Amino acid sequence: NHTLLADFVLSGLSSRPELQGLLFFTICLVYIMTLIGNLLICVVTVHPTLHMPMYFFLRVLSFLDISTASVVVPRMLVNLRSEDSSISYTGCVTQLYCVVFLAATEWYLLAAMAYDRYVAVCSPLRYAAVMNTRVCLSLVLLSCCSGNVVSVVQTAWVFTLSFCGPRRINYFFCDIPPLIMLSCTDTSLYEKQIISATVLVILTPFCLILLSYACIISSILKISSAESRHKTFSTCSSHLTVVTLYCASGTLIYLQPKSSNSQDTKKILALIYTTVIPTLNPLIYSLRNKEVKEVLIRVM
C-alpha cells in the first residue's frame, strides 16, 4: 500500500536481496574514498606552490565530484538498507535538477580546463596575462550558469510528462532516461530533444577539447627536449583520461534514452559516471602529476 501511495519508488541497483549487503559495503567504501580523495585535492591545491589556473580548475572539479557523489550515493545507501525505497515528487525533482546541473557544469569546466592547457602549451609567454584570476573565475561562473540553464530546461520538460501506473523507477536515482520510460504519453519529440541536449552538453565540449589537444600535440612535437615533451604530455594526459571516461559513459546513457540496451547496463554506466569516476579523478591527477604528489606528501 505504501508503494502504491508513494510519488516514486526507486528499484535500486539490484533486486537480489543476497547482494544488498555486499553492494552497501562496496558503495559505502567507494563513497568514503571519493570524499577523502577529492577533499585532499581541494586542500593540496590551496598550497602556495600550486597557485596556478590548472589547480584552481582542478579544485573546482573535485568540489563538483564530491557534490555529484553526495547527491546520488547517500540516498542509494539508505535504499539498500531499508525496505522503503520511495522518494517524494519534490525529492525526485530536486535530485534530477542537481544531477543534470552538476554533470553539465562539469563538462563545460572540462572544456575550460582544455583551453587552459592549450594556452599554457601553445602560448606560454602570454599564459599569465590570458589566464588571469578574472578569466578563470569567469570561466567557472559561465560553466555554472550554462549548467543551470540546461538543468532547468531538462528538469522542467521531464516533469511536464504524464506518469501513469505504478511509479516505479527502474534505477537507483532520478534520471532522465528511466523517468521518460514511465510516461504514458508519446515521448518521441522529447527523445529528440534529449539527443540534442546531449550533443550540446557532451559532444560539443568534447569536440572543442579534441581541437585543443590537436593544437597541444602539434606544439609538443615541436619541442626538442624529450624530457620536456614527456612532462608536458603527462600534464595533459591526466585531463584527457578523465574526459574520455566521462564521454564514454555519458553518451552511452543519454544518446539513446529508450534504447533496447539492457537497463542493467545503463545502471552500471550511471554508477560509473556518478560514483566510480569521481573516485578515480583524484588518483588520476595526483599519480600523474609530480607537483601534486610532492605537495600531497608534505601535507600528509
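A Cβ is built for glycine as well, from the same backbone N, Cα and C atoms used for every other residue.
Automatic prediction, not curation, is the source of TrEMBL annotations.
Keep in mind the model is a prediction, meaning the values are calculated, not measured.
According to TrEMBL, the feature transmembrane segment maps to 22-44, 56-74, 94-115, 135-159, 194-221, 233-256, 268-287. Here TrEMBL flags 37-285 as domain 'G-protein coupled receptors family 1 profile'.
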(request) Report the listed stretch (22-44, 94-115, 135-159, 194-221) having the maximum count of Cβ pairs within less than 8 Å of the transmembrane segment (233-256). (result) 194-221
(message) Pairs of Cβ atoms less than 8 Å apart decide it: which stretch in 22-44, 94-115, 135-159, 268-287 has the most with the transmembrane segment (56-74)?
(response) 94-115
(message) Restricting to CB pairs under 8 Å, which listed stretch, 22-44, 94-115, 135-159, 194-221, is in contact most with the transmembrane segment (268-287)?
(response) 22-44
(message) What residues elsewhere in the chain lie close to the transmembrane segment (94-115), defined as a C-beta under 8 angstroms and at least 6 residues from its ends?
(response) 54, 57-58, 60-61, 64-65, 67-68, 71-72, 75, 87, 139-140, 142-144, 146-148, 150-152, 154-155, 158, 173-176, 179, 201-202, 205-206, 208-209, 212-213, 239, 242-243, 246, 250, 273-274
(message) Suppose you look only at the domain 'G-protein coupled receptors family 1 profile' (37-285); what would the mean pLDDT be?
(response) 84
